[in-house]
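Below is one structure; the comments refer to it alone.
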């Protein structure tokens, strides 16, 4: 029955009672993590070299880069495999995003597709993945690269929304605890965390100036670092202005320090893609002979910015799957509202059924999140992890070298500016729009 049944039958008797909607989101997220794990395995150098043994994987349309040449296909197999896997996951979530348009409650027949048939969903994902590896090369890599760029930019913005929400919730919770008791301890913890975030940001900024800029040249890196430093100083000062504090008593340096630290990370990630070896010591170029050249032996993606990006990706996707925000405005933006979907039997009702089903349907009168928007978020996450694992690399114009383009640099820098602008707006919005409720 679990092959066709809903999420409850997948839980054992020792599992705590939980909402059907939460289990469904976790299982879809598990599919995304499974695809990510497969992509990581495929891009490991030892496994990558063995992929050419797959029948037809390195034949049929000339080469991995889509041209009829004698390019050594084995040097790009990991890159090709990750792009195919990313396409398969994106197509899978796009399919469900379309199927779940305008589902209002679990009474809709399509809700059964969202919350059940997990074995057949897995088969569909496997089928799409197998089919993706038979896509003719042609211009697929070049075109899909730009799909990945756009999707990654949008997912970075979603990460920023979640980070800003996390910072505000964190600060409000600690200030509330301080008001209830042991104020000195909570304020000391608040100051300590804020100091650590700012200290880490300053240290990282100094290291970026040392390793990614030169006294002569590297103008772009200097400009990017200087602009983001100034913008971070501005939002930090604005967050503690008297008028801002009056409009938003819970705003403070904790939020600003967390946003600053994330901005420095995005800037670091951007500088790691600068296609100039003199300004980017971690630049990796892979040529058609399969060799990799860099200051240290690195794989295509296994560098520090990519590892940090992978961790942030895992945390953000789990955040999307597990909870809604404490703030109504963020819930509206993310199209989640757990409190508005309290219909259906609760844990007590589940126990009355014999305790076998440990999840209960909480969406009989209304869904607790937008099914379509949730799948779109996972689609963007699939594109983001695809670009992260390939380090935003693509074949150059000669189709002989897999290198990092300026496109990746500008997308990441623009996303850092967009994030700072978004946070700045959350600070000044109550002053600009005094008639709206931002409580």
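Note: Cβ is positioned from N, Cα and C throughout, glycine not excepted.
TrEMBL: automatically predicted annotations, no manual curation.
According to TrEMBL, the features are:
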- 26-47: transmembrane segment (TRANSMEM)
- 81-103: transmembrane segment (TRANSMEM)
- 115-135: transmembrane segment (TRANSMEM)
- 141-164: transmembrane segment (TRANSMEM)
- 185-211: transmembrane segment (TRANSMEM)
- 223-241: transmembrane segment (TRANSMEM)
- 253-271: transmembrane segment (TRANSMEM)
- 304-322: transmembrane segment (TRANSMEM)
- 367-389: transmembrane segment (TRANSMEM)
- 409-433: transmembrane segment (TRANSMEM)
Taking the transmembrane segment (185-211) as the first stretch and the transmembrane segment (223-241) as the second, find out whether 3 or more Cβ pairs fall under 8 Å, excluding pairs closer than 6 in sequence.
yes
Cβ-Cβ under 8 Å with the transmembrane segment (409-433): same-chain residues at least 6 beyond its ends:
149, 152-153, 156-157, 160-161, 163-164, 168, 220, 224, 227-228, 231-232, 234-235, 238-239, 243-244, 247-248, 251, 255-256, 259, 262-263, 266-267, 269-271, 273-274
Looking only at residues six or more beyond either end of the transmembrane segment (141-164), which have a C-beta under 8 A from one in the stretch?
64-66, 79-80, 83, 86-87, 90, 255, 258-259, 262, 266, 312, 316, 319-320, 330, 333-334, 377, 379-384, 386-388, 392, 394-395, 407-408, 411-412, 414-415, 418-419, 422-423, 426
Examine the transmembrane segment (253-271) against the transmembrane segment (223-241) and state whether at least 3 Cβ pairs sit under 8 A, considering only residue pairs 6 or more apart.
yes
Would you kindly check 115-135, 223-241, 367-389 and say which stretch has the most C-beta pairs under 8 angstroms to the transmembrane segment (26-47)?
367-389
